[in-house]
């Protein structure tokens, strides 16, 4: 009995303890609910409940969206800045010290508007003809001739004592770069009436400053070798493909590898001819409206006007203007910032010899991307070529033609019956003559209409400006361009292109 009572007591005590243990958590729960600052879990087992895992979308919303928003904001700021700069550059020019904007129309207007003159620095320059050149090449096998400043006589150069160094000096006198020129001298038979110097050194100064002070250098002594110097400063006038004699047909670039497109703001404006690695020959009237050199580029090596790499322009030179004959002196030289790399589709054309004369009916060629019809329309997408002939200047100046407007420094070429001619957009391109090599004898300049009867195309006669071409290239090579006038000439409105 005693045992039984004891067990019953223990059982009741255990049940009571168990009951108490079950009741305590309930009270704790109530207390925890009443205390919002409690960090204890509400479950009786004191275990932290499992949370739902965060999805990738939620992660992206929390981290990715702000990043993308920041990037978009930055892109918008950059776009606004670029557009703003383009608009500013189009309408305004930024002067240096002090900083200020001037209207773009005041750039290259011949008047210095910036304190330091930056607005007139990169502009078309006027270059006067300069003194007569000391050397020239004759059409008789490219014979080198030297001018004696005392007697003003020209004499062919004897091959005796003529060194490679003298050949390089002679080429530099004609403006060929000392590092890019490939001077070669050959021995040729002596002319019957030549006055030949035995020692050429005094005739070929090493720099420009010596030209006006050098002593008489020629003598009438006989040339002991009986041979003259044939000088070639640069391989030129070589075409890989002979043209066909058909007017107005498509012209492959390897037939005319010296043809370039001179572009203003990436738009074809004029043609031009490669003279060497740095220089392009073209017409002055191409730059009549737009004098800022930085907007001009030159594209070479293609017969198409599509997208193709182009080179920036460093300088543009024109000669002095003749107000009596505004169409005269229509010649310009464009210097590239970087040298051209010659290839099968990029090659120079030869300048004509100083004594080159073309008789009427001499066959010539002209090329260009100009309008195929008079009155404008669409430029040809592909380079075109046409065969023309020299027309006597007297015939071109007849009453039913140009009535005396064609001067001695111009060439008249075309077909009097009409049909084949240069047109707007061809301006600046070459008029070419082929002897042993191709020569640029004319520059597309002006005319009336396109292919009109009795009024053929009129071209700048290149032989009339050889001295100017040589001087411009030589002065630029000797880094003397700082002496050139900084003002931009006002080119008369004499031809539309």
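Using N, Cα and C of the backbone, Cβ positions are placed for all residues, glycine too.
As annotated by TrEMBL, region 'Disordered' applies to 23-48.
Marked as compositional bias 'Basic and acidic residues' by TrEMBL: 24-36.
Under the heading transmembrane segment, TrEMBL lists 63-88.
The Cβ neighbour count for residue 123 (disulfide bond), using a 10 Å radius and every protein chain shown, is 22. As annotated by TrEMBL, disulfide bond applies to 108-123.
Residues annotated as domain 'SRCR' in TrEMBL: 125-234.
Annotation source TrEMBL lists domain 'Peptidase S1' at 245-474.
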- Over all shown protein chains, what is the count of other CB atoms within 10 A of the CB belonging to residue 108 (disulfide bond)? 23
- Query: the domain 'SRCR' (125-234): mean pLDDT?
  - Reply: 72
- DSSP three-state assignment for residue 108 (disulfide bond): coil
